[in-house]
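Straight from TrEMBL, the features:
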TRANSMEM  B:165-184  transmembrane segment
DOMAIN    B:186-239  domain 'HAMP'
DOMAIN    B:247-463  domain 'Histidine kinase'
Amino acid sequence: MIEAPTAPTSTKSMRILIIEDDREAASYLVKALKESGHVADHAADGEEGLYAAETRDYDVLIVDRMLPKLDGLSIISRLRESGQSTPVLILSALGQVDDRVKGLRAGGDDYLSKPFAISELLARVEVLGRRRGAKDVETSYRVGDLELDRLSHEVRRAGKPIVLQPREFRLLEYLMKNANQVVTRTMLLENVWDYHFDPQTNVIDVHISRLRSKIERDFGSPILHTVRGAGYIIRADD
Amino acid sequence: MGRFRSLMRMTAVRLSAVYFLLFAICAVVLVVYVTATASTIVEDQSRQAISEELADLAQVYQQNGIIGLVRTIDRRSRQPGASLYLVTDATGRIIAGNVESLQAGVLDDAGPTPDAFSYERYADDHGQRYHLAIAEVVSLPNGMRILVGRDQSEQVRFRGVVQSALILALALMGVAALITWFFIGRSALKRLDGVTAASARILSGDLSERLPVTGAGDEFDRLSANLNTLLARISLLQEGLQQVSDNIAHDLRTPLTRLRTRAEGALSAPPDVGEAREVMEQMIAECDQMIRTFDALLMISRVEAGSDQVIKSEIDLAAIAADVVDLYEPLAEDANGELVLEAPERLTVFASRELIAQALSNLIDNALKYATGEERKVTIRVRLSEEAGWWRLSVSDDGPGIPAEKRDRVLERFYRLDQSRSLPGSGLGLSLVQAIARVHGGRLVLEDAGPGLTVRLEVPREERPAGERGDG
């Protein structure tokens, strides 16, 4: 078990722009991102944010939906119109069913409603920042001695085949696609099941423990770790 | 409101002014035309009578000479009537006639007088000395002049009478029209004022107030009725809002108090990093639960606010049911339960994928929470069916169930059966499912599953509206 939820899980440092008018929340975000080894800038209103996003190179933009001068969705639309594809995480206090859809339609890549756990934000930023690495085109993933073939749907560990249910396969696929990064329960529900509501009970945990027993039971060394207060990470212990 | 009313009044005043002006112009034209025509006719008649008399006198002159003519004129001028006669010699001295004096210059030209002239006559029976007349002058070869005319005083008076009668009649009509308009306009304005006053009271916060409806079924009534429906809708929404805020006050204050007490306790205790960490973790868990409650409340009110708040698309309910069952299956197994799905191969409807999935998830979650936990194995059945244009999605368990008299209450927000207070949950799960059923035009039914409880979502099947793009 890994204790610190905000521990950097990879060495690559990212440049992140936070466009958020709540200065206290923003400074807390900047601090948390810096502690995770990233470089973070802050813009306090929409126009300043758009200018910064247009003139400097960032790996991820964190954009609040409601901003003075220029609202978050307009910033994203303008950036997308000018051909900028920097991944955007939308923050919103609205957090309702269709707000997400509107946000993603405007060109956002991910959506997080306020209030959120900082570990949730960090995990999503990491995933967004690495999306540029375009792992989607890879046909197989490998973490330590665990292999997953996306075409033949075969999973092996140390060469031994493991039989997984279709849902378990997709769960593992998502975890391995984002190997060495913390993946939260909400991210799993969103990406593996495509649901965005909050199931009152932690249904995901049970799925994870089943998957874990299949990929770890006969192999001794743990590979699917629980990150306390954050989520899960798949990582080979070296 | 006062400004609106005075504007209305001003509009009324302007309208009536324009109306009255138009009427007055028409009336004046009418009066002028009628009197002008009338006097022309009367004058023509007089002139014709004069010409006839002159022709008659010419005959007398031819038969009896000048003496006969003067006598005849003298005789005729002694008879009472409107005729006037005058005979002068070549020097202008009056020889005979009933005219005492004449306006100067009338006798100068022979032929009909172009205009009426004034004159004085003897033996005035009205005590009036000056009169108006029209006449024709004839000059005889010996230089004598004969004037035969008709008094016009009667005509002038007649014209005056016609004129004043017309003016009076028109003035009366104008006033009557104004009064009628005033009362009709006023009654309309009065009803508008009633609406204005009622809406002012509503604006000042009395949402139970309604606009007056007279029952006449006219435009005003239809407008008022529509606005009243609108008001009813608004007050319903406001009541919902009120309930939500009451609920928030009640159900968020409690955990907030706990949170505060916990923080205070940790602060007053001797510093201990380990303990402080533990308290903070508890506090975060408490916060998360509050956020969850808050989200559920917002979601319910948002969904209840109307169907336009919800994004619908064509979805396969069977696939969703299978998905959610798949999501909960491991959890059910761990809780010594079994999740059974009975659904057709495919059932496509136009609905919100996210909301239907959430509803089903809440129902399964509830069943797992309240029916399991005993020694024996619990079976939870998820059934999906379609019949007569309605689709039904139900979750049945064979647990303890809910007594019939309490089934309605569990749909209320925050209501929790006493025995379940110790279990985690916000008490909002079923309220949300009910809101989701309603936003799809359906209902939520609770039934005895004998043993256990069946909760069923019953929704009329909606077709995808033409031309609409849906998103899940």
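Numbering starts at 1 and runs along the chain as displayed.
Note: Cβ is positioned from N, Cα and C throughout, glycine not excepted.
Automated prediction, rather than curation, is the source of TrEMBL annotations.
Remote same-chain partners of the transmembrane segment (B:165-184), defined as residues 6 or more beyond its termini with a Cβ less than 8 Å from a stretch Cβ, comprise 16, 19-20, 23-24, 27, 30-31, 34-35. Mean pLDDT across the domain 'HAMP' (B:186-239) comes to 81 in this model. For the domain 'HAMP' (B:186-239), the DSSP-based tally of helix, strand and coil residues reads 39 helix, 0 strand, 15 coil.
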